[in-house]
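Okay, structure first, notes after.
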Amino acid sequence: MMENDVRMALRGARRLFAEEKLLAWLGVLGFVLAAGIAAYIGIFGPVVPPEGNVASAFSFNAAIGVFMLSIAMLLPLSGVKARTRTTIRRVFVPIVVYAYAVETIQHFRGVNPRFSESGSIIDTIAGTTFGLASFILIIVTTIVAVSFFRRSLLAARPLLILGIRYSFVSVTLSFAAGLWMIALNGRFTGAGGNVIVLHGLGFHALQVLPLLGWLLERSRAEVRRAQMLLHTGSAAWIVSVAAVAIQTAAGRTIFEWSALPVVAGAGLLLCMASIAAAAGTELLKPRLAPAVPSFTDLSGK
C-alpha cells in the first residue's frame, strides 16, 4: 500500500514539474543543501565565528528551494511564450546557484554573506553582488507576476488564476521587506521588529493561495460560494501580511499580545479555514464528478 502511494506521489510530481524540470531540480537542490546543513548543526552547532551562523544558511536554502518549486509549478500557467520562459529560466538558474553558494560558503567561513564587518574586500564584493542578484530576482519574478494579470488567462482557470494573482500581491510586500532589510543593513528594526518574519510570510502566499484556488476549482462548488471563499481567504492573508508589516515598522515584535498581532493571527486562521472548507467540499463531492484539469493545464478542459 505504501509503495503504491509513493509511486502515485512520484508520478504526480513528475506531471506537476514536467514543463520546468530544471527549475524544479534547482528547488530540490535547496532542500539537499538545507538537509546537509541541518546534519552539521546537529553535530557542531550553528555558530561559526566571527560572524557565521549556518542556521541562517539552512533557512535561506530551504526557503529558496520552496520558492523555486513554486515558480516551477506556476510558470507554465503564465501563458508566456516559450522563448520568454527560456529567458526567465536562464536568468533564474545562475542567480539562484550563486545565492546558494554565497549564503552557504560564507556562513561556513564565518562571514556574514550580506553585511560583513570582518570580511575582506572580496567578501564585500560578494555581498554587493548578492544584493544585485536579489534585485534581478525581484525584476524577473515581477515579470512572471505581471503575466498572470492578463484578462485572457482568467477565462480558462478563473479560481486558480485569481489565487495566483493574490499570491503575487503578497509576494510584492515580501520583496518590499527584502529591500527594507538591504536599507537597514540587517533584519532588525526598533526594539523588537524583525523584518524577516514579514519577508517569509509574504512569500508563503505562493504556496497557500494557489492551493486555495485549485481546491475550489476541483471541488465544483457553486460559483458564488467558491468566489466568496477565494476572496475571503486571500484577502485575509493579505490583511495578515499588512498587519505584520505595520507592527514591524513600529519596531515591535509580532509575537506579543496586542491588536496588530491578533489581526495577523486572525487573518491566517480565516485563510486556513477557507482552505479547510475548500478541501472539505472536494472530499465530499460525488465520486463520479466530472473530470477537472490538472494543475498546469491552461485549457481548463
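Keep in mind that glycine also has a Cβ here, set from the backbone N, Cα and C atoms.
Look at TrEMBL and you will find 21-43 (among others) tagged as transmembrane segment.
Residues or ranges marked as transmembrane segment by TrEMBL: 55-75 (among others).
For the transmembrane segment (87-105), the residues of the chain that approach it from at least six positions outside its boundaries are 20, 22-23, 26, 29-30, 33, 37, 54, 56-57, 60-61, 64, 68, 71, 75, 80, 113, 126-127, 129-130, 133-134, 136-137, 140, 143-144, judged by C-beta separation under 8 angstroms. Residues or ranges marked as transmembrane segment by TrEMBL: 87-105 (among others).
The transmembrane segment annotation in TrEMBL covers 125-148 (among others).
The annotation transmembrane segment is assigned in TrEMBL to 160-183 (among others). Residues of the same chain lying 6 or more positions beyond the ends of the transmembrane segment (160-183) and with a Cβ under 8 Å from any Cβ of it are 74, 77, 114, 131, 134, 138, 141-142, 145, 148-149, 153-154, 189, 195-196, 198-203, 205-206, 208-214, 216-217, 230-231, 234-235, 237-238, 241-242, 245, 248, 295.
Within the chain carrying the transmembrane segment (195-216), a Cβ under 8 angstroms from the stretch's Cβ atoms is held by residues 63, 66-67, 70-71, 73-74, 159-164, 166-175, 177-178, 180-181, 184, 187-189, 226, 229-230, 233-234, 237, 240-241, 244-245, 248, 254, 271, 274-275, 278-279, 281-282, 295, all 6 or more beyond its ends. Residues annotated as transmembrane segment in TrEMBL: 195-216 (among others).
Per TrEMBL, transmembrane segment is recorded for 228-246 (among others).
Proximity of distant same-chain residues to the transmembrane segment (258-279), defined by a Cβ-Cβ separation under 8 Å and at least 6 residues beyond the stretch ends, is recorded for 208, 211-212, 215-216, 219, 221, 226, 229-230, 232-234, 236-241, 243-244, 246-247, 250, 252. Sequence annotations record features per position, and here TrEMBL assigns transmembrane segment to 258-279 (among others).
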Folded-back contacts onto the transmembrane segment (55-75), same chain, C-beta under 8 angstroms, at least six residues removed: 16-17, 19-21, 23-24, 26-31, 33-34, 37-38, 41, 46, 85, 88, 92, 96, 99-100, 103-104, 107-108, 141, 144, 148, 164, 200, 203-204, 206-207, 210, 295-296
